[in-house]
Amino acid sequence: LPKQKAQRYEAVKWVMVFAIGVCTGLVGLFVDFFVRLLTQLKFQVVQSSVEECTEKGCLALSLLELLGFNLTFVFLASLLVLIQPVAAGSGIPEIKCYLNGVKVPGVVRLRTVVCKAMGVLFSVAGGLFVGKEGPMIHSGAVVGAGLPQFQSISLRKIQFNFPYFRSDRDKRDFVSAGAAAGVAAAFGAPIGGTLFSLEEGSSFWNQGLTWKVLFCSMAATFTLNFFRSGIQFGSWGSFQLPGLLNFGEFKCSESDKKCHLWTAVDLGFFILMGIVGGLLGATFNCLNKRLAKYRMRNVHPKPKLVRVLESLLVSLTTTVVVFVASMVLGECRQMSSTSHSGNDTLTLQGMSEDVNSSIKTFFCPNETYNDMATLFFNPQESAILQLFHQDGTFSPVTLSLFFLLYFLLSCWTYGISVPSGLFVPSLLCGAAFGRLVANLLKSYIGLDHIYSGTFALIGAAAFLGGVVRMTISLTVILIESTNEITYGLPIMITLMVAKWTGDFFNKGIYDIHVNLRGVPLLEWETEVEMDKLRASDIMEPNLTYVYPHTRIQSLVSILRTTVHHAFPVVTENRGNEREFMKGNQLISNNIKFKKSSILTRAGEQRRRSQSMKSYPSSELRNMCDEHIATEEPAEKEDLLQQMLERRYTPYPNLYPDQSPSEEWTMEERFRPLTFHGLILRSQLVTLLVRGVCYSESQSSASQPRLSHAEMSEDYPRYPDIHDLDLTLLNPRMIVDVTPYMNPSPFAVSPNTHVSQVFNLFRTMGLRHLPVVNAVGEIVGIITRHNLTHEFLQARLRQHYQTI
């Protein structure tokens, strides 16, 4: 029964979504566990050697030990990226493209997630200034794409007969659920994850999906929380550690009655910090864009080993800088008294112990600690906790130096070929900036009511907002990470100001990287001035089409000579309109009106070839120009007559694949075509592979029929036309494509405004949009390429020139 079938489908979907959440949580657990293990191992060895060598004066040895660890780890990370190049970087730009509707090759393969998770583990443990949060989003998305398929190219042997979710739409929904689960696992922010998926990714969103995505994010967060709490505290079933990145608890100490987390006066400072954060973020993006362009020109064309060497160079520099800065540039600061009253809550004490245990006392006398080493010689997460919660002050000089070094090094690191996230370095950088502001306000302006932790948090938000330019999701992620709803307003205001300031100069870092790759991403909406353009201005009138009944040889040659993904199914207009026109004035006037008001492909193409040189081949342009010169008789009536005579002379035995001969006029080359539907390349190839056809002597009813399941069996990798063995096909056989085409695709009229076209395309998740005139003739087709910002700008410039 259809109803039961639908219910079963829905139930399977919920189970899948839950499974995706759990698996993403487990990937996060795996990464976290091993990063912790390797980092602890590394720091224990190096720290003990530093403490020994401080007395003996053999610090160079400790530096060599640290270098040995770091370079080995980074080398492994870049080797993994050589296996699967898509695994480099944070993966957020790629997932953004995927959810926007652009297939990036290999972005959601099993190999990618293995290389990504292993690689990020080594690059974080190798002391590079990268986070493990960005790659979690990519890993989640891959899990979301792969799990419901129950098959993988890397494991071809394993085949389940799992009939569900064999379409791009389902896959995209699961990918957005997976990406949300990745955010949720990374920050312990299920709602933030859902909003991230909504804001950054999906072009196409429906009501039911929101609920499923939130469920998926919750499953991911709580899976991770359950296992981490169990492994670290040994108390299974108590949920104490929400995400990979935890900001700890912001609380004023009991004794201090004047202390508030923030006051109305602070909002002014927060807005200023937002402006500075936006400027710093724009600087970061500008530098990183320059670097990325440099890499594209000078590093990527060279052999792959050069990329590995670049990663090792960055690792070497980072390690030396960290070591030297910790040894030479730090100051010894007094430890704050951490005497807690006995009835204090367990978590708070745990937290403060955690903060104090990560203090480094290199070269400092008793009861003092080295503030630079405390920031540099710790995992990034504990450095963030230090800046948020350490009562003991960091000196302004240390903070400024740390900020500068970190800013430059993390900017250099983002974009080398290791898996790397950008969230944590940005947060740490911003937290140092915020803490610096708090210090200056306290010591030089004498505002002693301020709580440094808040300023560190707002600084982190400002800088991160200035770099990635996310709004709603970032606000919610930060609020959920701090567990403090009172921070809602300051964080939101800061992020808003930072985004506006940054957008004044350039785009967010992910958009920059998407643009550098040249991916045709569709924005949320078009600019207002684009409404001067109509669908007919941006469509592609030069169509490759098939007839409802087409010979196999035509199909094969069309598929082999083009790369289009869909073809309109059309018939040609022939008619005896001339006889009509002789008899009756009324009818002939009507027909004349029809002729004059209908936009035809030939007319449009001629207008284009006059207005500009849009047409690539010069001979065609010359042909058009000559053609215009020859055809200017005195009487308009005559012209129409000739047009009609030419238009309806039966053409010599024509297959769609025959190239138009040189003598043809524009009208013959672009004949009027009545539109019947769209058929996809994958469907045509499947029909050829399965031998769906009939011979001329038979009726088309004798052609074998394929069910929907058989048509979609090869999803997501349909056979390629070039792999087809042509000896098995009889070229004279005929294929009837009408049962398989989409007879009612979305279509627009040539006069539709571009903004309407754009909204239809974006909200419906289309790939092809036929432009059909008033009498049902197809005059062009609009694809994603025709709606990109660059293309529309070019068309608009042309439009102004022709006016």
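Cβ coordinates come from backbone N, Cα and C, glycine included.
What TrEMBL says about this protein:
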DOMAIN    741-802  domain 'CBS'
TRANSMEM  12-35  transmembrane segment
TRANSMEM  71-92  transmembrane segment
TRANSMEM  113-130  transmembrane segment
TRANSMEM  174-197  transmembrane segment
TRANSMEM  261-285  transmembrane segment
TRANSMEM  305-329  transmembrane segment
TRANSMEM  397-416  transmembrane segment
TRANSMEM  453-479  transmembrane segment
Sequence-remote partners of the transmembrane segment (305-329) [C-beta within less than 8 Å, at least six residues beyond its ends]: 59, 62-63, 66-67, 70-71, 74-75, 77-79, 81-82, 126-129, 295, 299, 360, 362-363, 370, 372-373, 376-377, 398, 401-402, 405, 409, 412-413, 416-418
Cβ under 8 Å to the transmembrane segment (71-92), counting only same-chain residues 6 or more beyond its ends: which ones? 38, 104-107, 109, 111-112, 114-116, 118-120, 122-123, 125-128, 134-135, 137-139, 141, 200, 304, 307-308, 311-312, 314-316, 319, 414-422, 510, 513
Composition by DSSP (helix, strand, coil) of residues within the domain 'CBS' (741-802): 29 helix, 15 strand, 18 coil
Listed stretches 12-35, 113-130, 174-197, 397-416, 453-479 vs the transmembrane segment (261-285), most Cβ pairs under 8 Å: range 453-479
Looking at the transmembrane segment (113-130) and the transmembrane segment (453-479), are there 3+ C-beta pairs under 8 A, with each pair at least 6 apart in sequence? no
Under 8 Å Cβ-Cβ from the transmembrane segment (397-416), and at least six residues away from its ends along the same chain, one finds 78, 88-90, 128-130, 280, 284, 287-288, 291-292, 295, 307, 310-311, 314, 317-318, 321, 325, 329-331, 371-372, 375-376, 422, 425-426, 428-429, 432-433, 435-436, 439, 509, 513
Please give the average pLDDT for the domain 'CBS' (741-802) in this predicted model. 87
